Amino acid sequence: MSFKTSFLLLLGLSSSSLISCAVTWGENPNDHEEFLFCGSQVPNDLLIDLSEPSQPGPFHDLTKEEIQAIRRFLEKDPNIKASKSEDIALNASVVQTADLYVARKSQVLRYLNGSGDQPPRQARVMMLRGDLTPAVVQEFICGPLPNVQQCELMNHKYRRNPAQFSVRPFHKMEFLNVYDLVNAIYDKVPHILKESYDEDVYPSIFYSDLNYGFTPVGTGLLGDINQRKTWFLLTREIPFYELHFLDFGLLLNLASSNLSEWSIDQVWYAGRTYSSLEELDAGYRANTIPKIKVERPTDTLFSSLRRRGKPVPEKPQRAPWPVEPEGKRYSVKQRVVEYLDWSFNFRMSSFTGPLLYDIRFRNETIAYEVSLGEISVFYSGSVPLPQVTNYVDSAEFVGLHSRALVPGGDCPDYATFVNLTFISSFQEELDLIDSAFCIFELNNGSPLRSHTSGDHGYEGMLDSSLTLRSALTIDNYDYIIDFIFHQNGVMETRFQSTGFILPSFLRESDRNYGFRLQEHFIGNVHHHLAQFKVDLDILGTRNRLEALEFTRVESEDPKDSTKRHHKLGVRRQLKQSELEAVYDYDFTRPQYLLVHNDQFKTKNGDMRAYRVFAPSVSKHYLPENIGNERSVSWARHQMVVTKHKDDEFSSSSNYAMFDGADPVVDFSNFYKDNDTIVDEDLVLWITCGMHHIPHTEDLPVTPAVGNHLSFFLMPYNYFEDEPSSHSGDTIYQRNQEGSQETKKGGQCIIPSVTLEEDLQRNPDMVLETFRTGYAHG
């Protein structure tokens with residue numbers, strides 16, 4: 001046995017698993033492999049550069065310079081006359097938000113392919129126009145950036161613009177102005193709150209021990225697109241306040257841009273509604289109405305974030321820490337990530353949330369865009385809060401609800417953290433969100449592949465993958481959104497829900513909608529839905545959708561005609577049109593869904609495809625076109641496939657919380673025209689969902705484990721073999737002289753450290769110590 005073979009066996013490695021690190025060496029002239037020290041070949045161009053580019057690409061978020069240029073133009077434009085931050089009011093021209101408006105896909109592709117210039121950058125701007133008669137909400141396309149020359153009304157076939165003022169998205173000044181209306185409680189019924197809930201409303205709700213929750217009432221329930229009503233429900237100012245609702249609320253009419261026209265339409269108290277505070281007060285004083293007595297709680301630990309109970313483990317002991325022994329295996333520059341065979345652009349839309357563009361594997365485009373489209377939560381119950389609570393979260397601007405990710409809590413400490421900048425409605429300065437994205441590689445401890453053969457030994461590798469993560473805190477719920485890139489060419493999108501549940505004050509009529517979790521509240525059943533846009537470009541934009549349907553095959557036994565064999569067969573079905581491609585999950589008809597370019601085949605003549613696997617399906621129980629269902633028509637099916645059109649850039653709108661009577665965007669129009677989808681540029685609209693019946697283990701914070709939705713983009717006959725088989729993470733053990741070597745190997749030699757300066761330079765190389773620092777910018 002040669003010295004080289006002996007050395008390999010000590011490492012538990014074979015030369016076949018180490019060939020990518022090979023150069024000529026050895027005592028034998030035929031030896032041609034040298035095993036380099038780990039980290040010695042890391043290229044210098046792997047870097048983390050989070051600085052803002054002077055010339056951003058077609059997908060980069062708006063830069064600070066661009067945002068400031070947009071505001072200056074809006075304030076000076078004679079047709080817009082945007083108010084300065086100190087002058088904003090409901091009856092003024094107010095900047096709601098601004099976001100990148102990506103150029104037409106054909107223009108961007110020409111630029112990416114090197115056959116055209118980068119198209120001019122533009123911004124999409126939403127303006128609250130309370131200064132107009134009638135008041136409306138307008139959306140403009142402004143450009144070119146950074147030297148804005150014009151802002152024109154956005155014009156898309158299936159997106160109404162302007163929109164009615166009554167369906168405007170939430171704005172902070174609306175909440176602030178509501179206090180003046182709600183203070184009527186102090187003026188007229190303070191004694192009811194004191195006697196019923198042991199709460200003082202003095203000198204106003206601002207200074208009391210009360211808080212409130214908002215529950216919008218969509219116009220699909222009101223039957224009039226020009227109405228805007230919201231339940232204002234009192235809670236105790238106790239962490240977490242929405243777990244302490246009182247049986248008291250006001251239905252507010254907030255449709256007008258004139259605050260003097262706002263009013264209280266109804267009052268809810270002790271299980272009944274009243275037309276006014278005066279009617280409630282009169283009945284209360286006359287003892288002709290039901291009354292309630294709820295003591296202020298003395299034990300509120302159940303809703304607190306404080307740790308409780310006996311510590312585990314009893315003696316302090318840290319959890320395992322992942323490390324990057326030779327540094328990062330990815331780079332980030334100008335919001336472009338390169339990781340092993342993967343590359344992609346990422347950004348955060350203030351309107352809709354995280355988006356990825358130009359996703360490539362081995363420099364071949366897999367998807368032009370993968371992005372979050374909408375989040376909704378529909379509650380059920382018999383009292384005002386759950387009965388009308390149909391949250392469609394883009395009304396609160398999903399991206400603006402990004403929150404800072406916590407190192408060691410939300411992401412590994414060694415992750416790269418990326419900050420965001422948005423235009424502000426309330427101040428001339430920009431809104432900054434620290435650590436809104438984190439990027440990290442993680443070995444999740446699960447095999448990506450693994451096999452042991454008695455004759456040949458073992459081959460396998462753990463699944464080390466790259467994750468781009470963001471977190472959105474929208475009222476009580478937190479949503480963790482991951483885009484995960486595996487080494488075998490699989491892209492996974494994962495949506496996790498955590499945070500506080502939204503209960504309602506316990507009434508006997510709500511017993512059919514959930515469980516009593518505390519003395520005075522019930523956890524109402526609700527339905528989480530998340531919709532994603534997936535613009536696949538498999539080997540180009542000339543794609544088709546094909547289903548592989550599983551069938552039952554019956555055949556005659558060739559040796560005995562009286563016997564029958566029952567087997568599983570496969571039938572290919574090419575989807576011809578958008579309506580034919582509408583996908584509703586059917587357990588009795590399982591199938592694979594494949595996207596491919598018919599011009600490209602394997603060496604065996606089969607299609608080279610990507611499979612779309614979406615296991616997180618749930619049934620939407622609302623009947624079509626009833627109530628607010630039209631606002632979420634994208635939820636009717638688990639997947640819809642349409643021909644790409646630049647006008648159909650989003651399945652929902654930021655008005656969807658309120659516009660159920662006449663949706664600004666009715667997604668069903670995207671596929672009702674029934675375009676052909678054979679050899680076309682295809683967009684997949686994937687809806688994931690889960691039903692949630694809250695239980696005591698959801699207190700105080702709902703665990704994310706088991707509460708996640710996901711879908712996968714998976715190569716299917718796309719490569720000639722398993723794409724990760726060339727990975728340096730592979731372990732190959734072989735049997736040697738009747739016994740199997742069991743030592744774990746890798747592709748490189750961990751260096752022996754003899755100098756103090758080597759330890760100071762990179763202690764993880766040998767000691768695998770914990771890194772406290774993290775890239776941040």
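Cβ from N, Cα, C; glycine included.
These come from TrEMBL:
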type	residues	note
SIGNAL	1-26	signal peptide
DOMAIN	66-148	domain 'Copper amine oxidase N2-terminal'
DOMAIN	323-724	domain 'Copper amine oxidase catalytic'
ACT_SITE	D393	active site, proton acceptor
ACT_SITE	Y477	active site, schiff-base intermediate with substrate
MOD_RES	Y477	2',4',5'-topaquinone
REGION	725-745	region 'Disordered'
COMPBIAS	725-739	compositional bias 'Polar residues'
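Within its own chain, the residue listed as 'active site, schiff-base intermediate with substrate' has V377, S497, T498, G499, F500, L502 as residues 6 or more apart in sequence whose C-beta sits under 8 angstroms from its own. Taking the domain 'Copper amine oxidase N2-terminal' (66-148) as a whole, pLDDT averages 96 in the prediction. Cβ-based neighbour count (10 Å, all protein chains) for the residue listed as 'active site, proton acceptor' stands at 24.
Per-class residue totals from DSSP over the domain 'Copper amine oxidase N2-terminal' (66-148), listed helix then strand then coil: 22 helix, 25 strand, 36 coil.
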